[in-house]
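J.: Below you will find the structure I want to go over with you.
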Amino acid sequence: MLLIGFYIAITAEAMTAALAAGRRNMDWFGVCLIACVTALGGGTMRDILLDHYPLVWVANPYVLLLVCGAALLTIPLARLVERLRWPFLLLDALGLVVFTVIGCNIGIEAGVHPIIVIVAGMVTGTAGGILRDVLCNDIPLIFQGELYASVSMIAGIVYYLGLTGGVQQDLMAILAMVLGFALRVLAIAFKWEMPKFVYDRNMRR
Amino acid sequence: MLLIGFYIAITAEAMTAALAAGRRNMDWFGVCLIACVTALGGGTMRDILLDHYPLVWVANPYVLLLVCGAALLTIPLARLVERLRWPFLLLDALGLVVFTVIGCNIGIEAGVHPIIVIVAGMVTGTAGGILRDVLCNDIPLIFQGELYASVSMIAGIVYYLGLTGGVQQDLMAILAMVLGFALRVLAIAFKWEMPKFVYDRNMRR
Amino acid sequence: MLLIGFYIAITAEAMTAALAAGRRNMDWFGVCLIACVTALGGGTMRDILLDHYPLVWVANPYVLLLVCGAALLTIPLARLVERLRWPFLLLDALGLVVFTVIGCNIGIEAGVHPIIVIVAGMVTGTAGGILRDVLCNDIPLIFQGELYASVSMIAGIVYYLGLTGGVQQDLMAILAMVLGFALRVLAIAFKWEMPKFVYDRNMRR
């Protein structure tokens with residue numbers, strides 16, 4: 001079940017990433033690279049930080065083909081993909097919670113401290129988007145007040161606490177994902193935002 | 001002693017990083033992430049390059065809490081932190097030399113070539129600030145002429161030569177840190193700068 | 001032979017990277033760092049992704065000295081280096097194909113899937129330039145339509161297919177490099193470009 005969610009999520013991430021690349025007039029190779037980094041970068045960064053090898057896409061390179069294929073398919077379908085804004089926001093929210101739960105699972109398998117389990121979930125869920133924004137030369141979107149990383153953190157904490165409390169793993173994964181998904185959708189619908197730290201006096205490093 | 005310096009340094013780095021995030025109107029999560037990357041990114045990059053696992057903050061996740069706590073505490077105290085410019089420049093200089101010596105020690109333990117020992121010290125001391133500037137979408141400050149990486153390099157070389165010359169490790173660490181700290185403070189006070197390479201004719205890649 | 005090509009290539013990469021740093025008025029340390037990242041970043045990223053340690057420059061730190069030396073030498077010679085635009089474009093094309101073949105070899109040694117062998121070649125050939133552009137705060141040049149990554153991909157595929165077809169390794173390396181080099185030079189001479197994906201309607205993430 002997580003695997004199906006994973007494939008849906010990386011496909012959706014690849015398609016929205018391709019649009020971001022298109023808005024910067026990148027060539028087809030750039031479109032594929034931005035899509036791979038966005039869809040697979042979070043898991044890659046988590047695995048590098050935890051020394052968890054081989055990486056997902058090295059062990060199973062067909063995910064690279066899936067991601068590049070989805071990204072290239074987006075080019076002729078750009079207008080359609082844009083019109084499907086809500087479905088893609090929902091798929092993106094699905095991706096966030098699926099990635100988070102997968103990341104937590106890998107942290108648990110690696111036997112790390114609970115805090116790092118949650119961090120592994122958050123890195124998996126959010127680092128892809130951060131890397132995309134760095135390559136596209138933006139200040140990462142995720143820092144601009146949207147409830148995104150916080151949703152990942154909450155889903156991860158609930159998931160981990162549930163497992164520790166003895167809930168069966170598949171059930172707990174579903175519960176955490178439903179909760180995180182609902183939270184993310186509500187945050188988009190009602191424009192819930194995180195408080196920002198606005199500070200404009202200059203201070204030399 | 002190095003450990004105490006390490007905790008002071010990451011706290012100070014977290015607080016100045018939080019101000020940098022605040023100047024870009026980031027949300028609380030962005031503030032924490034920038035603080036973690038700045039305070040812990042240098043050591044993390046060194047450990048990834050040297051294949052030295054587990055990472056410091058994976059083995060001891062409480063440093064993450066310390067860094068995030070210091071960063072969030074900076075938000076209500078921003079004006080105060082700014083007024084304390086000199087103390088923070090001193091703490092930053094302390095962090096630079098502490099990180100450098102810690103990095104050199106890890107290089108020595110890993111049994112790498114002396115050149116790489118120095119590089120490990122420099123990466124530990126400077127990569128956090130570079131990653132912060134990349135995430136904040138700036139050209140890294142460190143390349144703008146300040147004596148920063150060079151101080152790290154000199155402190156690392158002196159430290160390594162001293163150890164090879166048979167000086168006792170703790171003593172040599174203190175000597176190298178005092179030298180580097182003095183050099184950095186003098187460089188700030190007298191605005192010593194590295195020569196720049198200014199070149200403005202265009203050449204296509 | 002590959003080794004000689006490798007040394008020529010990293011020297012040339014270091015010198016063009018130094019010019020890029022000079023155009024951003026970086027100090028000498030920045031010049032060295034940009035040169036190291038450009039010349040050695042592709043191989044470093046490949047080795048981190050494949051968990052292939054120690055890194056080239058950790059095992060043989062003299063390449064760091066070579067790269068920094070070439071970069072610093074570029075400062076007094078900037079005008080000359082710029083006038084030598086064609087030789088440097090040729091050296092850069094040589095570097096691209098040499099890096100690609102070296103990367104494929106390391107992928108083959110590591111026993112990864114053929115797709116990942118090609119990817120290892122492409123990462124080795126192109127990631128250095130991408131990292132340079134990220135540090136210089138540009139949108140990576142490589143995504144702007146030039147046939148660069150595609151040349152690396154084609155050379156890698158031809159090389160791998162040749163090896164699988166039983167061609168002797170050194171011969172096949174030469175063939176793949178001559179092909180890739182010719183393709184790259186023709187692409188520059190005739191301004192062949194990859195199609196771009198231009199898309200300017202706004203879509204929120």
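All residue numbers here begin at 1 and follow the chain in the order shown.
Even glycines carry a Cβ here, placed using N, Cα and C.
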J.: In TrEMBL, which of B:26-47, B:114-135 is labelled transmembrane segment?
T.: B:114-135
J.: Among B:62-81, B:114-135, B:171-192, which stretch has the highest count of C-beta pairs below 8 Å with the transmembrane segment (B:147-165)?
T.: B:171-192
J.: In the same chain, who gets a Cβ under 8 Å from the transmembrane segment (B:62-81) while lying at least 6 residues past its ends?
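T.: Distal contacts: 7, 10-11, 14-19, 21-22, 28, 31-32, 34-36, 39-40, 56, 88.
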J.: With a Cβ cut-off under 8 Å, give me the same-chain residues at least six positions beyond the ends of the transmembrane segment (B:114-135) that come close to it.
T.: 13, 17, 20, 33-34, 37-43, 45-46, 49-50, 95-97, 99-104, 106-108, 141-142, 148-149, 152-153, 155-157, 159-160, 164
J.: Please spell out the DSSP helix, strand and coil residue counts for the domain 'Glycine transporter' (B:90-161).
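T.: Its residues divide into 58 helix, 1 strand, 13 coil.
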